[in-house]
Amino acid sequence: METYNLTSVSEFHLMGFSEDPDLQLVLFGLFLSMYLVTVLGNLLIIQVVISDFHLHTPMYFFLSNLSLSDICFISTTVPKMIVDILTHSRVISYVGCLTQMSFYTFFGCMDHMLLTVMGYDRFVAICYPLHYPIIMNPFFSVFLLCVSFLISLLESQMHNMIALQLTCFKDVEIANFFCEPSQLLKCNCSDSFTNTILIYLIFVIFGFFPISWNLYSYYKIVSSILKVPSSGGRHKAFSTCGSHLSVVCLFYGTSIGVYFASAVSQFPRKYMVASLVYTVVTPMLNPFIYSLRNRDMSSALKRLHGRTV
């Protein structure tokens, strides 16, 4: 396989879902529809939270920021993919690849951190309801959002530092529909074992601890709910965190699958499908989960619809 020096590499070639010309229009319509549904659905969540004073609470403050992060997250990959389908070209410049990877890791980590913060919010609300207004005050909520932003920025810059250390490439073909960090490392012609270890170490640091905290939070939440004497009280407590738990399971399940698939999968197409679920399907389903499974959000949507009519 031909080796390319870094100075001679000005672009990479991304992989498409199909080479069949007859399917290109179908793929274009499918991905454009998914993108529009995601953007409009999350914009609706933001609009509802802003316009309804009943939702001016820490939980929905974080939810609106999660929706904004989801819009940015899907916008780092899908618009480029749609343009590639229309132009029948899957070329991305070296600078564009690093830029896409940077925004992808930033907003992906931002989603992780916001879900962790929302888990903490539900933990305090269920386990310490009397202290909830004092603990989750507006200042502390903004502080948690800023910490999430800074941690996400740190992870993104760490990925950039690793990518910028690559001096040559054995191939310019990236086995995904976007510049995913682990796939970019596989194109490195030098010994990438150290860089691969660093990538997975970053995943453990920025992924394992949020996952562990969410598991601990919901262990304490379930323990507290089971102590509630009335079935009505238990159902109400479960309903307040059920939508968040569904999103956590969907988001972390697909993201962990993508990371492990990149290490063991020998079939790029299957890995691309897993990446598609993580980067496109999950942000698209979040508005539906929060609007259909959350009683407060459903009521706010009805009130917004009534005012509009």
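In case you wondered, yes, glycine gets a Cβ from its N, Cα and C as well.
All annotation found in TrEMBL is predicted automatically rather than curated by experts.
Copied from TrEMBL, the annotated features are:
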DOMAIN    41-290  domain 'G-protein coupled receptors family 1 profile'
TRANSMEM  25-46  transmembrane segment
TRANSMEM  58-79  transmembrane segment
TRANSMEM  91-109  transmembrane segment
TRANSMEM  130-154  transmembrane segment
TRANSMEM  197-216  transmembrane segment
TRANSMEM  237-260  transmembrane segment
TRANSMEM  272-292  transmembrane segment
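Note on the transmembrane segment (91-109): residues 9-14, 69, 72-73, 76-77, 80, 151-153, 155-156, 159-160, 163-164, 174, 178-181, 184, 206, 255, 279 of its chain, located 6 or more positions outside it, place their CB under 8 angstroms from a CB of the stretch. Remote same-chain residues near the transmembrane segment (25-46) are listed as 17-18, 63-64, 67-68, 70-71, 74-75, 78-79, 81-82, 85-86, 280-281, 283-284, 286-288, 290-291, 297, 301 (criterion: CB distance under 8 Å, separation of at least six residues from the stretch ends). Per-residue confidence over the domain 'G-protein coupled receptors family 1 profile' (41-290) averages out at a pLDDT of 81.
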